[in-house]
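Beneath this line is the structure, given in structure tokens, with notes to follow.
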Amino acid sequence: MKISKLAESLTYASPVILLIGICIGVYYYKYLQYIYRVLFFFLAVNLGIDLLSRYLASMSHNNLFLFIVISLVELVTFSFIYYHIIEKKKIIVLLTVIGLGYVLTETLSTNFQNIFNFQSYSKVVSSFLVVLMVLIYFIEVLYREYKISIPLINLNLLIMAYFTLELILLLPLNFLINGNQESIYYIWLLRTLILLIFYIIMIHFLWNHGKNQKQLRCG
């Protein structure tokens, strides 16, 4: 199988994994704490974006504006999470405003119909800001008397790893969209694998947290 076909085929695992995560989230929803409820909605919105992306690709062969939508979803989702768990909330508000301002500016200035000249940095900017939020969280954990939550630490490590890799892989976005070299498909394959692993581990955290909270409440 050609690497391009393999990369494309692997994307079909995404909605299946997300649907499983949503089912788990629905089952445990009333036991989930705030952070995990936000993550549940994040998975649900991502499933909607995934399905919309496939529909637009088949109908108009252009779903590029969804890079902006995904950037907004990620920025807003993790802003809610870190506003909840970080003491320096003004920093989170500032980073969020900067991110939203950039995404709005890029939305107004980008021609999404011009595929060959398309170059969006909104996903890079949102990923960078999320990584900054994670670093602020870890700094507070180190220098303040927090009660350390190992599951929360692990969740933050996952978030930092994923968005750092996204930041790196999506810098040459125009090249990835319009290039013809076979090596490009290896990058898309790598990105798809990283995304699927991110979803799977996040769903595992969701399931584990829901299961433990249910046991604590039900005895």
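Don't overthink the numbers, they just go from 1 along the chain as shown.
Just so it is clear, glycine is given a Cβ too, placed from its N, Cα and C backbone atoms.
Feature annotation from TrEMBL assigns transmembrane segment to 12-29 (among others).
Here TrEMBL flags 34-52 (among others) as transmembrane segment.
Feature annotation from TrEMBL assigns transmembrane segment to 64-85 (among others). For the transmembrane segment (64-85), the list of distant contacts is 34-35, 38-39, 41-42, 45-46, 49, 52-53, 56, 92-93, 95-96, 99-100, 103, 106-107, 110, 112, 115, 118, 120, 122-123, 125-127, 129-130, 133-134, 136-137, 152, 159, 163, 173, 177: same-chain residues at least six beyond its ends, Cβ to Cβ under 8 Å.
If you look up TrEMBL, you'll see 92-112 (among others) marked as transmembrane segment. Proximity of distant same-chain residues to the transmembrane segment (92-112), defined by a Cβ-Cβ separation under 8 Å and at least 6 residues beyond the stretch ends, is recorded for 62, 64-65, 68, 71-72, 75-76, 79, 82-83, 86, 118, 120-122, 125-126, 129, 132-133, 136.
Residues annotated as transmembrane segment in TrEMBL: 124-143 (among others).
Annotation comment: TrEMBL describes 155-177 (among others) as transmembrane segment.
Sequence annotations record features per position, and here TrEMBL assigns transmembrane segment to 183-207 (among others).
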State the residues, same chain only, that lie 6 or more residues beyond the ends of the transmembrane segment (34-52) and have a CB under 8 A from a CB inside it; answer 'none' if no residue qualifies.
-> 14-15, 18-19, 21-22, 25, 63, 66, 69-70, 73, 77, 80-81, 84-85, 152, 155, 199, 202-203, 205-206, 209-210
